[in-house]
Structure formats: structure tokens, C-alpha cells
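A short worksheet on the structure shown next.
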Amino acid sequence: MSTIVFTGGGTGGHVYPGLAVYRELSRDHQEKVLWIGSRRGIERGIVGGEGLRYRSVPTGKLRRYFDWQNFLDLFRVAAGFFAALWILKREGASLVFSKGGFVAVPVVAAARVAGIPVVVHESDADPGLATRLTAPLARVICLPYEESIQAFSPSLRGRVVVTGNPVRREFFSDSSRHALSLVGLQDEGLPVILVTGGSLGAHQLNRYVREQIKALTEIALVVHQTGDHGKELIGEIAAEAVPGRYAGFPSFSEEFAPLLQRSDLVICRAGAGSIWELAVTATPAVLVPLSSASSRGDQVRNAARYAASGAALVFEGGPEDSKDLLVMVQSLLEDSPRRAAMAEAARSFAGGNSARSIAGIIGRIIE
Ligand SMILES: CC(=O)N[C@H]1[C@@H](OP(=O)(O)OP(=O)(O)OC[C@H]2O[C@@H](n3ccc(=O)[nH]c3=O)[C@H](O)[C@@H]2O)O[C@H](CO)[C@@H](O)[C@@H]1O
């Protein structure tokens, strides 16, 4: 039996959508599956937790600026290419599905050399460098939005399919009933605010919560994901909060879908995966995108694209502006018709089941 190879990694945003596709695919196909990631990437733990076979290959960071490390990384990418080629041949791989991230580059290149068909998916409105490099080698290029097609040359556009972003199945079915007990909070009839910084957490959001926790817990229950780097803050924030109204965690696993469904408002970064999960659960949100100054600006464009649908507001303040964010949150919590309209807009944005569509594309190629 041949093997379908998944690849991608670096952050949760490059792994969870891949898992969503894998789960849909395994409903209809019995092929063996292997995930190729990096040695120390976040993907190793997430994929391992799913019970999927995992192999790592060397890879290098693809920087757009000069750094001496670039030379070393070129060798790492080359080493990753040969390691991936060996794995693909030995496994008798029938298809490679790439979810992007640096590790996908040597794997997709190896697949191309071995004549194995490749399907690439990009989550961000503005495709990342790994997708731009690998798309020319792919048979099908799956993109989240019509306008993302502009990033590719006319010769590649014929291979593009607009699929939206894959979201895991648990976000589609309502499991909100026990959400609060999962994080140790009691339902007091107050609105629920979830603050989440994406798979890595966000310093800026942690600072906002630390500065405004008293005022926030006077009007709502607050559930807060700090990321690993912010876990020391949890005790300090809890001490400032109205007792019994704050729950902080470094990160969530099974609680995440129920919490999104249970929340009246989410304050979060604008990672592509987070946005589509908000859309599927129809949860009104305030997005605080990672600024263009400290990133390639993908979150700024993701946020603008989503907010244009009416499902979210974008907070453009800096790290010192927690009071302005509080005002925005207060006015949204007081305005339930507005939140209902945002939820409706989110529902229309989400559309169908993207993971299922992509699994269908993969299924047709391997058949
Ligand atoms: C800092 C950074 O580089 N961010 C990028 C990264 O974001 P990031 O890795 O945060 O990815 P997303 O926002 O796309 O997705 C976050 C994922 O983590 C999951 N989750 C989150 C918190 C938690 O406690 N538990 C949990 O399971 C969510 O359910 C979601 O599936 O990839 C995205 C998709 O390419 C990009 O748009 C972001 O710009």
C-alpha cells in the first residue's frame, strides 16, 4: 500500500489545518500516512498526539535579509532534500500534501524530483515564502481567497483552487455546554471573553489582560491563553481579578473548540487558522494583528480581509493602549444586536467544509 505524505510545520498555523485534512481523508481512504516535519518543531508534538507516524528532516530558515546563518541553512535545506527523497522513495509515496512552513520546501522539491504529485495549501491571505517557492512544483495550489491568486504568475493560476482554510471537525459541532467547567469556572450568567495569542501566545495580549483584568472581570468571565512564555503571569493576573472570574493557561488542547463556541467575544491575534475557527464557531471577535513592523504583515492583511466581512473589529492600538481596547470590548459586550450581526457575518464567511474539499482533491489524485 502506498503512503500519503503530509508536510509542514513551524507554528500551529501550519499543522492544525493539515490535521483537519488528514482526518477527513482517513474517513474515506485506507492509505498509510506519514508526516515529515523538522526535528524540533512544534509539529512533532502535535502530530505525535494524533498517533500519526512522523519523520524529521533537516531544514533551514528562509530569511529575506542577510545573515551568515543563511549559508549554513542552504546546506541544511540541501540535506533536507536528500533525506526527504530517501524517505519518499522508501515509503513508496503516492502524494505529498504541503501545509507550508520552511520544512515543506525540501520535501516538496524532493517529491517533484521523484515524480510524486504535490498539493500545496496556503492559509494566509498573502501567501508565505514557502508557498511561493513550492507552488510552481505543485499539481494543485489551494488558496483561502480568490484575491490570493494575484500572488502567482498567470502560468500558475490554472492550477489554483480556492478552498478556504481547513478547520478541524470538532469546531463544527456544538460542545460549548461544558466549556467553563473544563477551565474551572462557574457559569454566573456573565458574558465570557476568551483571550488567545494563537499557537505561540502573544506578549501584547498578555500585557492588555494584566493591565485591565480588574475592569474586565467586573463585567465578564475571562479565559486567557498566555503561551508558554507568559505562564508566570497567570498567578499575578489571577490575584488582581475579581475572584472566580479568571482562568489562565499556557495553551489549550481539547478545550479550545468548546471555549470558542461558548465565548461571547474573543480577543485574539489574526493568524489565518484562528480566524477560520472563529468563523466556523460564529464567535464575534476583536483582532489584534501582529504588526507589519515585527512580521511580514500577513496578520494585518488577514485581519483586514476578515473584518471587511463584518464578523470582527480590528484593534490598531499599540502595547500601551490597553484602555482603548477595554473601551472597545465594553461597548461590544453592551451591544448584543451588534454581536448577533457579527456572528451572522462570521457564518456567511465560513462557507463549507474546506478540509473535506481538500481531502476530495487529494482522493481524486491518488485514485
Ligand atoms: C507568530 C506567527 O508566525 N503567526 C503565524 C502563525 O500563527 P499561529 O501558529 O498562531 O496560527 P493560527 O492562528 O493560524 O492557528 C492557531 C492554531 O492553534 C490552535 N491553538 C491555539 C491556542 C491554543 O491554546 N491551543 C490551540 O490549539 C488553534 O486552534 C489554531 O488551530 O501561522 C498563521 C497561519 O499561517 C499565520 O497567519 C500567523 O501569522
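Glycine is treated like the rest: Cβ placed from N, Cα and C.
These features come from TrEMBL:
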BINDING   Thr11, Gly12, Gly13, Arg168, Ser199, Gln299  UDP-N-acetyl-alpha-D-glucosamine binding site
DOMAIN    4-138  domain 'Glycosyltransferase family 28 N-terminal'
DOMAIN    192-346  domain 'Glycosyl transferase family 28 C-terminal'
Sequence-ordered binding-site residues from Thr11, Gly12, Arg168 with Cβ under 6 Å of an atom of ligand 1: Thr11, Gly12
For the binding-site residues Thr11, Ser199, Gln299, the one whose C-beta sees the most other C-beta atoms within 10 angstroms: Gln299
Candidate with sparsest Cβ neighbourhood (10 Å radius) among Gly12, Gly13, the listed binding-site residues: Gly12
Under 8 Å by Cβ from Arg168 (UDP-N-acetyl-alpha-D-glucosamine binding site), same chain, sequence gap 6 or more: Tyr16, Leu19, Ala20, Arg23, Ala257, Ala355
